[in-house]
Amino acid sequence: MERREFVASLVAGGCAGMCVDLTLFPLDTVKTRLQSPQGFYKAGGFRGIYAGVPSAAVGSFPNAAAFFVTYEYTKSLLGAGGPLAAVHAAPVAHMLAASLGEIVACLIRVPTEVIKQRTQASPSSTTYHTLLATLREEGVRGLYRGYGSTVLREIPFSLVQFPLWEYLKTLWSRRQGHTLYSWQAAVCGAFAGAVAAVVTTPLDVAKTRIMLAKAGSRARSKRAGLAEHSWTCAHPPGRGSCPHGADPPLWQHLPSLHGSAWMSRACEEHVITAHTVRTQR
């Protein structure tokens, strides 16, 4: 990966992640409360819709930057004269690059996600108090509560999203005979993200409940892992629709928000790359 491509991935990915996370934070809060085992209204309902936003603000840029840098570097390493340089092997390269990117990014994402979601589910508390309580009761390990479940959720998400995104971009580009515009790449990302989110929703709910579980509860025990939580989410007691009170229309529309990240990233990367090229002349 050339220096300008590295800078573009770093800054574009970071800016896009921060922009989207902060812009859509209220909807993320609604999603967390819908997934909470205590129920939407007991978790705060529509009160304190920006609870936990400082954690998101701190972690968004480095988290997104770490992912996109790792993804782009690994993809270029595997594809440019590497073992997966063949055209038919491109999806495999994209899957491996995305998986490695998620593993690296989760080292930053999980601590901020734990504090953010616990604050979202307890709007009477502040981000600072939630952080202190977590460190006091569980130590630094508490900040990485749910790391495994997060990785196991993010990797399947990326295995669906990124190969599909790259395939759609390639297909569209071939049909029109030139490189896609930023909005076209964003449309491809929106569709790919929506499909991936629908597929991995049970894993996402399980991850949220593991992070929100109180100390000493069965959800905190080693026996209650991702598989058990996923089964409970997929087969909730009572009505057999979406997990615990999440109305189907809202639940189905939340995944479509992922396309906004691709719009921001595509625009940022286009501008930064162009600027870097001009300065090198």
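Backbone N, Cα and C define each Cβ position, glycine as well.
Just so you know, TrEMBL annotations never went through curation; they're auto-generated.
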Listed range which TrEMBL flags as transmembrane segment, given the options 4-25, 48-69: 48-69
Chain residues outside the transmembrane segment (48-69) and at least six past its termini with a C-beta under 8 angstroms from it: 6, 9-18, 21-22, 25-26, 28-30, 101-102, 104-105, 107-109, 111-113, 115-120, 122-125, 127-128, 130-131, 261, 265
Reported mean pLDDT - the repeat 'Solcar' (4-77): 84
Helix, strand and coil counts within the repeat 'Solcar' (4-77) (DSSP): 56 helix, 0 strand, 18 coil
